[in-house]
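J.: Feature table excerpt (TrEMBL):
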- 46-69: transmembrane segment (TRANSMEM)
- 60-301: domain 'G-protein coupled receptors family 1 profile' (DOMAIN)
- 81-106: transmembrane segment (TRANSMEM)
- 112-133: transmembrane segment (TRANSMEM)
- 154-178: transmembrane segment (TRANSMEM)
- 198-217: transmembrane segment (TRANSMEM)
- 250-269: transmembrane segment (TRANSMEM)
- 281-303: transmembrane segment (TRANSMEM)
C-alpha cells in the first residue's frame, strides 16, 4: 500500500503525496475520492505562527489607530505618518489572518490572490511609511524653524497619497494577472507571486533601506552638532547628563534601523536568490521575522511618544500619571 506524505508550501494548503514502488504520484486534498467531511484537517504549524502574528499585529496597531483617530490633538504631520504606519500594519495583520482562513477553508485561487494582494499592499505601505517618518524626522531637524508651516503639512499629505497609491498598485499586480498560477515554473518563494515580482519588491526594499540609512546618518550628525552647540553655551563637559541623553538618542536611531534591517533583510536576500524549488522551511524561517517588524513598529514609533502615551492613559484609565504628563522631551526621543 502506498505511503502518504504531506508537503507544505507557503501560500497553499498542505498537499498529500502518494509514494508507491512504481513511481511518484501526487494529488491534492481536493482530488481525494473521500468526501471533504472525512478528510483530515492538515494544518501547517508555520501557518499557525503567521496567523498568530497577524492577530497580534492587528490588535496592537488597531489600538494605535483608534487613539490617533479619536484624539483631535494628534493631527500634526508626525502623528499622521505614525497613523499611516499603524494602519498599514493593521491591514497586514488582517491580511495574514484572512490568508490563513482562505487557504484552509475556501481553498480558492481567487481568494488567495486577494489576500496575497492585501498583504503585499499593506506591507509595502508599512515600509514606505517608515521611510516617510524618517524623512519627516530629518526635515524637523534640518528645517527646525519652519517645520510647523503649512508647507510641511502639504508635503506630508503628498507623501501619504504617493505611498498609499504606489502600495495599492503593487498589491493589485497579483490580482490583475501578474501571478504564477498558470505557470508554476515562474513562481517565487511565495506563491502566487512571480519571481520577477518578488525581485522588484526586494530590490526596492534595498534601495529604500539605503536611503533610510543615509537619512539616519544625517540625523545623527545634526543631533550631535546641536548637542555640541548647547554644551558650549552652557559649558557642559562630556560626562554631563545632556551628553548622556544625546548619546542615548543616537543609540535609539541605531536600534530603530538595526531592528528594521534584522526583520526584513533575511527574507529580502533569500527571495532574491531562491525560487519555488527551495524548501518551504527556509521561506517561513525568513518570512516570519519580517512580520515581526509590524509587531515592533508600534513600540518604537507610537508607544514611546509622550503625546500618544498620554492619550493611551486617558483611553485606558481616564487619567495621566504625573511622570508621563511632566516628562521632558530629550534627544533620545528623535
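Cβ atoms here come from the backbone N, Cα and C positions, even for glycine.
Since the structure is predicted, the reported quantities are computational estimates derived from the model, not experimental observations.
Could you tell me the structural context for the features on the list?
T.: Summarising model confidence by region, the domain 'G-protein coupled receptors family 1 profile' (60-301) averages a pLDDT of 87.
Within its own chain, the transmembrane segment (250-269) is flanked in space by residues 127, 130, 202, 205-206, 209, 212-213, 216, 219-220, 223-224, 285-287, 289-290, 292-293, 296, 300, 332-334, which lie at least six positions past its ends and keep a Cβ under 8 Å from the stretch.
Among residues of the same chain six or more beyond the transmembrane segment (281-303), those with a C-beta under 8 A of the stretch's C-beta atoms are 10, 46, 49-50, 53-54, 56-57, 60-61, 63-64, 82, 85-86, 89, 92-93, 96, 123, 126, 130, 133, 189-190, 255-256, 259-260, 262-264, 266-267, 270-271, 274, 309, 312.
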